[in-house]
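*Asks:* If you scroll down you'll find the structure; I have some questions about it.
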Amino acid sequence: MHSSALLCCLVLLTGVRASPGQGTQSENSCTRFPGNLPHMLRDLRDAFSRVKTFFQMKDQLDNILLKESLLEDFKGYLGCQALSEMIQFYLEEVMPQAENHDPDIKEHVNSLGENLKTLRLRLRRCHRFLPCENKSKAVEQVKNAFSKLQEKGVYKAMSEFDIFINYIEAYMTMKIRN
């Protein structure tokens, strides 16, 4: 694991030095990314707080969709892939359905999605060197459980969005420290 991470870093550094004309704006935004992360997570939490009560009141199920195994994937070697897949899952499957459940929350769900898209964009710009080829079994389990819940899956997934934000934070904190 450590040797492959070192190899990725060396490849990245070689690529950075070998590519003349790279804009400093991108480099600067990446160096500021760790400092901006708490602000981006706060924006996600603020946006979620506007719809949290609605979805948690509608979520009548006792089971947990975002289990500890997902957090373990976030913290493990599949962290990049698990995060990428979960962001895609929320943006493409959960939020489009969530927007259609009540016209009063549509704008707030849309705002939450825009904040998540902003985070994804920053991650892609600054963390492209992370290995993201393998599929996460925990993400597949989340998607399968979501599908089985049918309409109730939207309430479950949206009511647990704060857990997803916490997992993002755990993943990014770990990556920033390394």
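Numbering starts at 1 and runs along the chain as it is shown here.
Backbone N, Cα and C atoms are what each Cβ position is placed from, and that goes for glycine too.
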*Asks:* For CYS30, which disulfide partner does Swiss-Prot record out of CYS80, CYS126?
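*Replies:* Partner cysteine, according to Swiss-Prot: CYS126.
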*Asks:* For CYS30 (disulfide bond), what residues in its own chain, 6 or more apart in sequence, show a Cβ-Cβ distance under 8 Å?
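*Replies:* Same-chain residues close to CYS30 (disulfide bond) (Cβ under 8 Å, separated by 6 or more) are ARG125, CYS126.
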*Asks:* Within 10 Å of the Cβ of CYS126 (disulfide bond), how many other Cβ atoms are there?
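*Replies:* By my count, 18.
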